[in-house]
């Protein structure tokens, strides 16, 4: 991967069994997020097949909920998975910075997309 010194290796999250990356339910969290991604993709496919629901105002909201859940789940996997964070930190500084920005934007964007869908529906 990227070039980093031995002192930089000491701050990697999974190196030397630090408490920074200790998540007792990390595999369960990743599994739930993967299941959420699969089910939301299935939900979007089923919504696309139903012709009678495409004419209602709920179709837009249901599609936005599915897309926002997929974005949030992918970003959560990238943020909370220790090995992924370590791989991102080992990249060169500009790449690691922009990937981290993209992950945080995905978490916030998925949440905002869901909020705006509910907001538009209410008014």
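Cβ coordinates come from backbone N, Cα and C, glycine included.
Unlike curated entries, TrEMBL annotations are predicted automatically.
Bear in mind that the values here come from a model prediction, so they are computed numbers and not experimental data.
If you check TrEMBL, you get these features:
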type     : residues : note
TRANSMEM : 25-46    : transmembrane segment
TRANSMEM : 58-80    : transmembrane segment
TRANSMEM : 95-121   : transmembrane segment
_Are there residues at least six beyond either end of the transmembrane segment (95-121) with Cβ under 8 Å to its Cβ atoms? List them, or say none._
2, 57, 60-61, 64-65, 67-76, 78-79, 88-89
_Residue numbers, six or more beyond the limits of the transmembrane segment (58-80), whose CB comes under 8 Å of its CB atoms_ = 23, 26, 29-30, 33-34, 36-37, 40-41, 43-44, 47, 88, 103-104, 106-107, 109-111, 113-114, 116-118, 120-121
